[in-house]
Structure formats: structure tokens, C-alpha cells
């Protein structure tokens, strides 16, 4: 399902990020005890009154060294391009500024719903001053104190009221995948090679992909696929795609819509922090993942080259131990024929269900190999486990005390489940729950 998008805009220091974190709530602070897994704070998903939406903090995309007005223009451009609803944040302490009026004039022309959030209204006496913001011509101002959580419910009500009423329902039989990675890793050339047609215009200059469309195709066995392009959704007019953070945001949106993600690495440049960041987001989102090393034809090789590359990838992406690695060349089409079959296989892993009886046999065998740990004389007791969902496969393990389930033992159980059932290319989630 494609979620509607809400963008937060406003000049610096009005509290955009604080409001973003307040709306996102606990969803923003996802932490896993594995190095390299981080969720970027410029993009997340949120929910209010049973309506889900994607949330963008455009201020997090800015180049802080850019001129003040250029930053604001940049934000407004992103909002106009990406958002279904725009939240315009101003400061109740400072009143209406020239910069606020400048942004308002831009937003007024978008013909998109704009919610005016007057932030930093931290006490009732300040409410009398918010009426000055009617001069911006954007409708009723909403008094907010994002630090204290006051008024955010009213803003959320307004967001939900203005979200598109029809949400695209996607065919569950179609496998959706995206190619993500830094500019100039060869995503466009890979797309062209996979499709066998020049559907996306590619250039050797980084950041020159302009098209923004999903591409549907069918393999020889009748399996339907949708390839999601990371060049931006509903793109119109100029898009600020020269910043790495904007590229990160677009990749995150593509990941959210995908079942399987192809993490593309440029063999000529190796692994960068950007790659780890995006891969971490895909891992946390529970997506199937394939690590694709492109431009393999440009690398000088000996008998140890592949093994050395694989070892380095496993070391740098320790949290992706389940993800297969494939070395390809879009230019020579080396191993590209393997990709559709790998995507299909990993999609099947994402949707695999294990019966409780078979699962519990594996859990009991695991306990026999490695008995449950103790803490202060009390031993963890596992009663049974059951699979509760797919995409990604998620299992609940019922225990006597959740606190006794140490991270290392949970990882051991995960490894035993993987050995028994495979689950190639997909994260699996294990949740300890106290039996009532």
C-alpha cells in the first residue's frame, strides 16, 4: 500500500524536528544492538486515528551552509513535489517574519492542503498572539507546543482530515522491488539491462536520472513484478536531487513500497557510509535484501577477489548476514539473469509460514543444544513459539519472564530457525512475550 505523504516545512529554529519527533513518537527511536543499523531522522511513518502516512522533515534535508532563503526555497520545493499535505511551522514567540511570508506565498500556489502550526506557544497567554498569523492567508493557525506535546493532537486531526481519501491497494501477487544505492552506482543501467530497454535515461554523471515511474513486467513463468524507481514519486518540475539527504529520503520511500530491495554497490568505489545507512533502513523495515555489486567487469581479479569482497561486505554489513551477494555488470550483462529468480526466491522467504508444531520441534532441539540462560539463579523457561505474521516472518516466543531472554540467546534461536527453514534474504523477527 502506498502511504500518503506529509511534509513539514518552515524556516530554521521554529521546531520542525521537534514536531516531527513528537508526531513520529516511538517509531523514530528504533535501535538494534548491531553496529551500522540506524534510521535516518528525516523520514518515517506515523499513524493517527487508524490512518497511516509517511512523514518528511524537509529541514533535515537542508545544506546548513546554504544561504538562508535558499534553504527555505529548497524545503518548499520538496514539499510541493513530494507531499499530499504540508505542515507549515512558524514560531509563536517571534511572530510573523518576512521569511514566513515568503514561504506562505510559495505554498499558496501549490493547491495542496497546508496546515499552519504556530509552534512554541508554551503557555495560554501566548494564544492571543497567534491571530497575527491569519495574515499569511493559509487559514486557521493551530497553536502548538511540540516540546510539551500541547496542540499536536489538533494538528494530527487536521492532517488526517486532509489526507487523500483513496489509498492505492496493491495486488499481493505482484512482487515489488527497488534498486537503491548512492548516485552513479549504476542503478539506471541495471534497470535498463534487466528490462532490456532504455526505459530510464542514464548518464555517467551522478544524479542525472530524471524519470520517476514504476515499471511492470512479467517473467517467463508468468510472475508479475513492479520495479519501483527511486528517482522520486509524483515528480513535477525541478527537484533538488543534488543533495545526498534528498537521495536518502527518496530511497527510503522506495524501500517502504518494496517487498525486496536490491542494495547496489559500485565495485569501483567500494562500500560507503551511505550504503550502510540505507541498508540499515531496509533491514529495520523488514524488507527482503540482495546485495548487488555492480561494475564487476572493471575490477582486476585473481583467485581470491570474490572471497575478499564477500568477507569485506559481511564485515561491514554484519546485520545483513542473511542477504545473498551477487557480482554483476550492467554493461556486459554478467549474472543479470540471476536477479529475477533471486528476487522471486526471497519474496517466497518473506511470505513463508511455519507450523507451530514444526517450529516448536526446532526450538526444543535448540534448547537441548544450548540450555536457556539463568539470571540471579532464575532460569529462562520457554513454553512454546508461534509465527504471527509474514513480510517479514515474525515469531512470538512465550516465556516465563521476558527480561530473562537475553539478546544473545534470542540471536541463537534466530540462527537455529534459519538453519532449519532457510529464510534466505529476509530478516526474521523474534519477540519474547510473558505467558499469561
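The count begins at 1 with the first shown residue.
From the backbone N, Cα and C atoms, a Cβ is placed for every residue, glycine too.
So that you can see what the record holds, here are the features copied from Swiss-Prot:
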type	residues	note
DOMAIN	4-167	domain 'EngA-type G 1'
BINDING	10-17, 57-61, 119-122	GTP 1 binding site
DOMAIN	175-351	domain 'EngA-type G 2'
BINDING	181-188, 229-233, 294-297	GTP 2 binding site
DOMAIN	352-436	domain 'KH-like'
In whole Å, how far is residue 58 (GTP 1 binding site) from residue 187 (GTP 2 binding site) when you measure between their Cα atoms? 25
Can you give me the Cα-Cα distance between residue 121 (GTP 1 binding site) and residue 181 (GTP 2 binding site) in Å, rounded to a whole number? 41
Measure from the Cβ of residue 184 (GTP 2 binding site) and count the other Cβ atoms within 10 Å, all protein chains considered. 19
Mean pLDDT across the domain 'EngA-type G 1' (4-167), rounded to an integer, is what? 78
Between residue 13 (GTP 1 binding site) and residue 181 (GTP 2 binding site), what C-alpha distance do you get in Å? 31
Work through the binding-site residues one by one (181, 184, 296) and name whichever has its CA nearest to the CA of residue 58 (GTP 1 binding site). 181
Which three-state DSSP class does residue 58 (GTP 1 binding site) fall into? helix
